[in-house]
Amino acid sequence: MSTWSAITANLIPHGFCLSWQPGLMVAHIGADAITAAAYSTIPFHLLKLVRERKDLQFSWVFVLFGLFIMACGATHVMSLWTLWFPDYLASAVVKVITALASVGTALVLVPLIPKAIALPGPAQWQAVNDDLRQQVEERSKAEAEVRRLNGELEARVQQRTAELQVANDHLSALHGELEERVRQRTAELRQAQAELIDSARQAGMAEIATNVLHNVGNVLNSVNVSAGVITQQLRQSKLPGLGRAVGLLQEHEGDLAPFLTDTEQGRRLPGYLARLSVVLVDEQRAMGDELGQMGRSIEHIKDIVATQQAYAGGSSSLVATRVEQLIDDALRMNAGALSRHQITVVRQIEPMPELLIDKHKVLQILINLISNAKQAMDTENSRGHCLTLAAHITADQRLCIRVADEGDGISPEHLTRIFAHGFTTRANGHGFGLHSCVVAAREMDGSLVARSDGPGLGATFTLEVPARPSADTPS
């Protein structure tokens, strides 16, 4: 106390400096009192803000500012006190405390200002809120769309179930019809073969009957292959799987949407039905192709009969023909045998227009030549399994078709007799096929020749017939 008194003993109150003038005294007293009162309330407001807003970032800064402002208010209180009492040491202590608080606050603000600047402003928060609101609206719309699609899915599945049921019934009826048609066609072929034999015998045309039967037998092989393929496809059909899928859908008819979306079996069912529909369409297309091939084979049998009838009457039938398609038909009628014996077919067909030729005679010759080539390559002396068919137009407007194989070949002594009636080099052969082919070629003012370098070196048969583009047909 003595020290404190000694420091302030020779000091006078601040009022003496103001000469106790009323105006100055009122101004100093009023300003300091109002400022101190205001400074004393601010910290309490800041403390209330910090206590009620726990989420404020940098809340401790508000507390620091409150202490700083309170210290500033204390300096104004000391200014009032020293007007009458010369306690300038206490005033100095308060100012030192205020200075430390000020410096501390300033130092804290230096690194804090960039962080505060980086805080999102109201516009940014508004943009975030707008974005969140938009996402909520989009989510609501998406949920509504999902509900709508679920309803639509259920309706479509019910519709698809009904369509599948109709398709199932239709395919079942189609399979039965196909089996019946195969039986009918087989019976018709047997009847036609019997009628051909009777007709040939009654007319006394033994050679014609033999040729017809030989050619019909070649085509019947293709018919039997088609019938076998259709029968195998019917046995291996995936149609029962469609019935099981339809039964599963009918079983869950009351809870179809949950079954399709919530169960593993239901989620896999649409994909299974899609794959099954592709398989069934392929089955139907394949059976349609085989039936078409069977129909073309039967038409060819009819054409063989018509050709022999035309031969008896001395007439010929020229029709506009695509040679490439004609060769494909001949290969298709031997397709089963070529596939079984793993024969590789090479086509060397030059582009050409439709030609006027005796289509059915040329087809009959090609079927015989391809069948013979297949048999020639099915021996121990065969050097390969490649069948080559080439076609082009010669300079003198003749169609030239070449059939070459890698079979057991023809010996020189047999080449001179290869087309004779009844001559054959096979143990089970009859010697009618090549004879009928050379006769048919001559009937078309054409030729059929054979070439071979010897046993084991394959053989080549070349057919040439007159031909001209179909556009040259006289009106």
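In case you wondered, yes, glycine gets a Cβ from its N, Cα and C as well.
Note that this is a predicted model, so its numbers are computed, not measured.
What TrEMBL says about this protein:
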COILED    132-195  coiled coil
DOMAIN    289-469  domain 'Histidine kinase'
TRANSMEM  25-46  transmembrane segment
TRANSMEM  58-82  transmembrane segment
TRANSMEM  88-110  transmembrane segment
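A Cβ distance under 8 Å defines the sequence-distant neighbours of the transmembrane segment (25-46), meaning residues of its chain 6+ beyond its ends; these are 15, 18, 62-63, 65-67, 69-70, 72-74, 76-77, 79-80, 83. Residues belonging to the coiled coil (132-195) score a mean pLDDT of 80 in the model.
Outside the transmembrane segment (88-110) by six or more residues, the chain places 4, 7-8, 11, 61, 64-65, 67-68, 71-72, 74-75, 78-79, 81-82 with a CB less than 8 A from a CB of the stretch.
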